[in-house]
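J.: Handing you this structure, nothing more for now.
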Amino acid sequence: MSKMRLIVAGAGGRMGRALVRAIADSDGAELAGALEAPGSELIGKDAGVLAGLPANGIKLSGDLWTMSAEADGILDFTVPAATIANVAIAAERGIAHIIGTTGLSASDDAVIKSVTKRAIVVQSGNMSLGVNLLSALVKQVAKSLDAGFDIEILEMHHKHKVDAPSGTALMLGRAAAEGRGVVLDQHSARGRDGITGERRSGDIGFASLRGGTAAGDHSVIFAGPSERLVLSHQAEDRMIFAHGALKAALWAHGKPPGYYTMSDVLGLKDLF
């Protein structure tokens, strides 16, 4: 069976380099292209060398249309504007689009979902097995505990992360909201500062920390009368996200058009 040919978007970034390494270690995939923003100083550089590997002959380019002609999928952990630009091309080419980009707006998500009648999209705020299991647990716990338990989500990432709360924190927040039977946007408390007044009943709170090289720490706190339940996950290496994204791509290869998440990839939808 031939290997799945994958493009890495943002191949010169930290996550992009991790994806290149994951593909190099895979028996089921090979690197078909390395995408960077047009005008980047990295254009023309060898993707393997940038990832700390031997040269592989794949040069970074800003031309997704050309490199996608012989590809089967694209792994996209970039920025919202780049991901939205990539969505149209991936759909036109009929290749699987694995999206781990965070900071997307509701309108961005609507654009992504609009192509899924004719394209394959797997999207998740976090591609790791552990976090997706955590999300399933959070939903079940939120459903099981009554409103006397307040829900707070604490996350920490490295100092270079540009969006907050993290995509993973929001994913966990949505899981908690779903368990409670509410809409997160209507029950979200962020950035408390100064005299805020008492905590509003039913809110799901978020707090974000930034510093050092933390790959991603997340805790969901259920604070009730005289007791607290804390569900946590610590990412020690961003390679867990790269391997998860690669697993998603291989799973999506040959699937019918549609919108999928890591719960589909990992078979978690019927866990509880």
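The count begins at 1 with the first shown residue.
Backbone N, Cα and C atoms are what each Cβ position is placed from, and that goes for glycine too.
The model shown is predicted, which means the values in this text are computed figures rather than measured ones.
Reproduced below are the annotations present in Swiss-Prot:
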type     : residues                                                                                                : note
ACT_SITE : His157                                                                                                  : active site, proton donor/acceptor
ACT_SITE : Lys161                                                                                                  : active site, proton donor
BINDING  : Gly10, Ala11, Gly12, Gly13, Arg14, Met15, Glu36, Gly100, Thr101, Thr102, Ser124, Gly125, Asn126, Met127 : NAD(+) binding site
BINDING  : His158, Gly167, Thr168                                                                                  : (S)-2,3,4,5-tetrahydrodipicolinate binding site
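Any idea what these are sitting next to in the structure?
T.: Counted within 10 Å of its Cβ, the other Cβ atoms near His157 (active site, proton donor/acceptor) come to 26, all protein chains included. The secondary structure of His157 (active site, proton donor/acceptor), as reduced to three states from DSSP, is extended strand.
Of all Cβ atoms in the protein chains displayed, 17 besides its own lie within 10 Å of the Cβ of Lys161 (active site, proton donor).
The C-beta environment of Gly12 (NAD(+) binding site), restricted to residues of the same chain at least 6 apart in sequence and closer than 8 Å, consists of Ala34, Glu36, Ser40, Leu42, Lys45, Leu50, Leu60.
Residues within less than 8 Å, Cβ to Cβ, of His158 ((S)-2,3,4,5-tetrahydrodipicolinate binding site) and separated from it by at least 6 positions along the same chain comprise Arg210, Gly211, Gly212, Thr213, Ala214, Ala215.
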J.: C-alpha of Gly10 (NAD(+) binding site) to C-alpha of His157 (active site, proton donor/acceptor): distance in Å?
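T.: A Cα-Cα distance of 19 Å.
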J.: List the recorded positions among Lys161, Gly167, Thr168 whose C-alpha is within 10 Å of the C-alpha of Asn126 (NAD(+) binding site), in sequence order, or say none.
T.: Gly167, Thr168
J.: To the nearest whole angstrom, state the Cα distance for the pair Thr101 (NAD(+) binding site) and His157 (active site, proton donor/acceptor).
T.: 15
